[in-house]
């Protein structure tokens, strides 16, 4: 007997138990899913197929479980297993470097706007993609092509306007697709192609008006389809015919027109009673509200007018918008198309696309339209044709491509076009024709290559064209060398060239007709052999005209070029294009055709942008210089192809934003200079800070230009939390092809109508020709939003809230022909508001509030034919007489405009009323005058003067003693509100005040907050309670977080990583530590190690700290890394000069008389005195700068005068004291004085004058006992009295100028003696204390001050005269005694020796055997007689930039060089003048250089 089976003795296997347990649950879930699916939301509610348990979607893993490690998880996301959750993170772009193993990706609840082609590359295992609740309006082609495993895709609750064709073609496994709650209007026939497994498709809550009849073709597995709440009026016949498994269909809430075209739907719904309930008619009126399924066929009627009309989305509707289709011809001429249409009627045989803006023919552009016989693409902007763009067109007979920008014909582009008879390629930029280009064109009879850049043609190019009858080759720069000999022979035998093709070069052949030349004329010299490979498009070019070529370097610097030359030699390694007028780098493949190019310089041009893929193929470029241009943004396709780029310089452009991924592919980049760019540090730039920290590149640092809170802060140092977007600062990079939100862009027409816009959108495309902004809420026309629209011809701003047209608002819109501003609140038209509109033909200002028109307002409107001014309350006095005369000249006003005032002119037509009736009989009312000038409303108070400003703004110029927008406040002790915490300040008497505290505060200044930690608190885990304003917060112990410190912190996670400057965070469970990079230290590696503590700078050089390094900033005349280079005086003067042992302390020795023994000292900035021994003027440039002096003597009086200059609103000028004190500071641009001799309360006063304007001001301070007097710029003196028992201010502490040390500053601030802790920033030119000029060199202590005001004065000079190169000049005469041997006559190699007793002042020392006065006689020398050459030493004027290290002068300098010869002596400067030159460095540092300018040259023996 067999042993019993092991399975009969054991309980059922676990897998079987599990199935028995969950089977009832699954059946229940299936029942619920079937009924709830169309309206369910999340991935968890997908339909369960009828294929049984195997398709339920529950997976019990039986092997290893994949996990995405932390290193492969995007920093802003969280990863669990193979799931990546990036939801609700405020993202503006899809995170980079998502693991290729991810199966579920959640991106819902972010701020994504565009899905780019590269966003989901390599994610071949992705099964679920969640993109709901974003702002997505565009999906690029092929964005989902790598998602071959995708099962569920949610795109609902976005702003999609259209769905790309074939966008899920690669996703054959897709089960569920949700695109509901968007703004989609049409669904084309190829949208869902390839999604044969799709079971659930949700398209509800869109704006769909058109469904292609084949839209759902092939979706044989579809079970659920929702189309409810759209704008469908009809449906193509039998559109649901192939959906045999459909079990849920929603069509409700659509405005169906129940005519004869919809009768099929009624029959369909009656046969499938469970589908599409509540589908009702909207029209005609007798059927409105009726259920479609309840109607009989005879009730669906069509009127005679519509019986034969095509259905709204019928088969005929495949005609592409906005083209016209008839009889097999698709006419798309002049429709502003930018690409070839993707849909055409099936019977199309002729396609007309001329005069559009098409730029390329992509692969297989016409492969679906095999019936095409004629294609016209003339007069477009086509520069690129894919090699298979014309594949499949076997019936094509005519191809017209003239008037484009084609530069290259790819190999095989005409392959298979055996029926082609006419090929027009004239008026392009074709430079070469491959030998096999026309190989398949056996039927071609006419070929035009007229007007291109072809230099040669390879033998055999025309061999395959057996039917050719006419060829046009003229207007090409043919090089008639031996390589073109065959063409002359060919044209002799086949006289088919009828355009008169001629030679361009060589010179002997210039302008000679090719067909008339004999074969022996076609010769090749060595350099002309470069055309030998023309048939392979590998010929090389000569050096471009206007450029200089040396070796492999092509230098086109400073040639005034407006575009890059096309004939750059192929062997070029360095291309220099600096200092030209290039405006934009085109994506025309130029750099990709230079295989050896390593260095490209484009500095100091007018570049505003670089087209995407402009550098594609330029894989060997290592250095790219783009500094000092006008580039405004960096796109993510700008530098594609630069795989070996190491150095990228974008210094001094106008870059405000960088698109994510812009530098991602620059793997070799080591140096990136982004200094001097106005980066907008909002939420769109947060990724860039992280990228910069990670890369640690060399070069100028990128700094924020906005918002003001973070201005000048290095981007990489800014924490992620500081990158914020607000309503005023939310704009990111717009990029090419951008269309503003709430607008639709079709070609060059932009429509932004009826969108409740408050202002004109930013980023309107520059090529816009028509702009519609009507029916919004725009109140003001921002000039900067429209000034770039130079192609605009029509602008509609009607039905808005505009109140004023300011001067020169439309000055740049020179092509504008129609301007509509009707039905606004326009009350003021300024004199030059319409200046520049020379081509304006129609102007509508109808329905506004205009009363007056300035004379000459319409003088630029030379082309005007119609003006509408009706329904305006025009005031018809003598001020409008000019308008009456003007409209009667050409009758451009149709007789609608009427007068509203004055009474005698009321309701009279301006056109028909005689001009003599327009007279002035009294003063115009203020309410009318105030429409353009708000000052007539008298807004200013206290006798202030009102000054009118643009946009009907105004400014009140206050009388002394008042301030505020309307001068409504007095300048008294309460100026600037000295009370804290929103307390109310009340003046007690002159100079004294009291504070009434808000609830929760106490103290003299309401500075003390009531301690809320004394009551019951909820802080946990030994947290410390921190008092707030009627609240408290818990300060947690290390390792805890949360409002009440009840959460354990996960150290070193993306949410908590305080380590800065590239430091590595290490988690120790209870705490963390940071492993700092070199050059940093501190708990979070935030402190830069001061490398200047042990610096080696010599000769007074200033140490400048860096990152793990320092630099020495040398004084004048010293050079070297450590300023170790010697002073130049010893070389500038002979050893006998008095300057050799001068006594100048802080200056340069100067001899006014070269022959004398006296000298003067020219002092360095800030120093005075005979020997420059006194430091009397200093600059303060740091927040903690100050000077410490001895205590101020106050008996019998204290008198302090400070001459200073500052552009900062706040800063400490002087301070001395403790409780009793004298404090003087800048506060809100005025001088604030706090004076207390010990009599409480303190006395305070403010200057009436504003002094923070960058100009020099003198403030005089006089303290006599209790009295204190202030006078500014010798104006009116004002006084206060600190009344009380004490008479004198007793001071024993040091006096500080320009700032305070930390401890005294905190104490003074705490005691309300000063209003801010900021040091003075500016220059103190002179300081007098008790009638003595202060020598700061004797100060007890100095901290971070700079001698003199040179920097400030340099900036002032720059503002006053930007064109002036030099700041001053000082004659310098080099001491050079006359050399008697300078023009000696010694011969035959003899030596000249000075001798004062000789007749000529010198003596000739002859060689052996020579004699004579000049050694010109005798024997003994085998040397031939020599003659001293006449001196050719001369001064040569030049004008160029002066450069030094990485710096240069601001302007080209006019100076001279000594050139020529002096025999055996040197040609050098005899007289020089020293001038100060402003220098600017690449890192934005500025300084002043003392430069010796040559004034006279001569010969000298001293060659140095």
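For all residues, glycine too, the Cβ spot is worked out from N, Cα and C.
Sequence annotations record features per position, and here Swiss-Prot assigns domain 'LRRNT 1' to 64-100. Within the domain 'LRRNT 1' (64-100), the DSSP-based counts of helix, strand and coil residues read 3 helix, 6 strand, 28 coil.
In the three-state DSSP scheme, residue 111 (N-linked glycosylation site) falls into the coil class. All chains included, 17 other C-beta atoms sit within 10 angstroms of the C-beta of residue 111 (N-linked glycosylation site). What Swiss-Prot lists as N-linked glycosylation site is 111 (among others).
Packing against the repeat 'LRR 2' (125-146) from elsewhere in the chain are residues 43, 82, 87, 100-117, 119, 152-161, 163-165, 167-171, 178, 741: each is 6 or more residues past its ends and has a CB under 8 Å from a CB in it. Here Swiss-Prot flags 125-146 as repeat 'LRR 2'.
The repeat 'LRR 5' feature in Swiss-Prot is assigned to 197-218. Under DSSP, residues within the repeat 'LRR 5' (197-218) fall into helix, strand and coil as 0 helix, 5 strand, 17 coil.
Under the three-state DSSP scheme, residue 231 (N-linked glycosylation site) falls in the coil class. Here Swiss-Prot flags 231 (among others) as N-linked glycosylation site.
What Swiss-Prot lists as domain 'LRRCT 1' is 254-304. Applying DSSP to the domain 'LRRCT 1' (254-304) sorts its residues as follows: 21 helix, 7 strand, 23 coil.
Residues annotated as domain 'LRRNT 2' in Swiss-Prot: 310-346. For the domain 'LRRNT 2' (310-346), the mean pLDDT of the prediction comes to 75.
DSSP assigns residue 381 (N-linked glycosylation site) to coil in the three-state reduction, outside any helix or strand. Annotation source Swiss-Prot lists N-linked glycosylation site at 381 (among others).
Residues annotated as N-linked glycosylation site in Swiss-Prot: 459 (among others).
Residues or ranges marked as domain 'LRRCT 2' in Swiss-Prot: 476-526.
Positions annotated as domain 'LRRNT 3' by Swiss-Prot: 534-570.
As annotated by Swiss-Prot, disulfide bond applies to 683-725 (among others), with the evidence given as experimental evidence. Neighbour list (residue 725 (disulfide bond), Cβ cut-off 8 Å, at least 6 residues apart, same chain): 682, 683, 684.
Take the CB of residue 807 (N-linked glycosylation site) and look out to 10 A: across all protein chains shown you find 13 other CB atoms. According to Swiss-Prot, the feature N-linked glycosylation site maps to 807 (among others).
In sequence order, 786, 787, 788, 789, 790, 836 constitute the residues six or more apart from residue 812 (N-linked glycosylation site) in its chain with CB-CB distances below 8 Å. The feature N-linked glycosylation site is assigned by Swiss-Prot to 812 (among others), with sequence analysis given as support.
Residue counts for the domain 'LRRCT 4' (872-922) under DSSP, split into helix (H, G, I), strand (E, B) and coil, are 19 helix, 7 strand, 25 coil. Residues or ranges marked as domain 'LRRCT 4' in Swiss-Prot: 872-922.
If you look up Swiss-Prot, you'll see 935-946 (among others) marked as disulfide bond, on the strength of similarity to another entry. In the three-state DSSP reading, residue 935 (disulfide bond) counts as helix.
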In DSSP terms, the repeat 'LRR 2' (125-146) comprises 0 helix, 5 strand, 17 coil
Residue from 381, 1149, 1199 whose C-alpha is spatially nearest that of residue 958 (disulfide bond), among the recorded positions | 1199
Residues sitting near the domain 'EGF-like 3' (1009-1046): Cβ under 8 Å, six or more positions beyond its termini, same chain?
-> 981, 999-1002, 1056, 1069-1071
Provide the number of Cβ atoms within 10 Å of the Cβ of residue 974 (disulfide bond), excluding the reference atom itself.
-> 20
Which residues in the same chain, at least 6 apart in sequence, have a Cβ under 8 Å from the Cβ of residue 1199 (N-linked glycosylation site)?
-> 1260, 1261, 1262, 1263, 1328, 1329, 1330, 1331
Which one of these disulfide-bonded residues, 946, 1045, 1074, 1139, 1481, has the sparsest Cβ neighbourhood, judged by other Cβ atoms within 10 angstroms?
-> 1481
Sort the residues of the domain 'EGF-like 3' (1009-1046) into helix, strand and coil with DSSP and give the three counts.
-> 3 helix, 11 strand, 24 coil
Cβ distance under 8 Å to residue 982 (N-linked glycosylation site), same chain, sequence separation 6 or more: which residues?
-> 998
Can you figure out which of 967, 1022, 1103 (the recorded positions) comes closest in space to residue 807 (N-linked glycosylation site), comparing Cα atoms?
-> 967
Residue 1084 (N-linked glycosylation site) and residue 1103 (disulfide bond), compared by Cα position, are separated in whole Å by 26
Checking the disulfide-bonded residues 1036, 1045, 1092, which are within 10 Å of residue 1022 (N-linked glycosylation site) at the Cα level?
-> 1036, 1045
By CA-CA distance, flag whichever of 974, 985, 1006, 1458 among the disulfide-bonded residues is nearest to residue 1092 (disulfide bond).
-> 1458
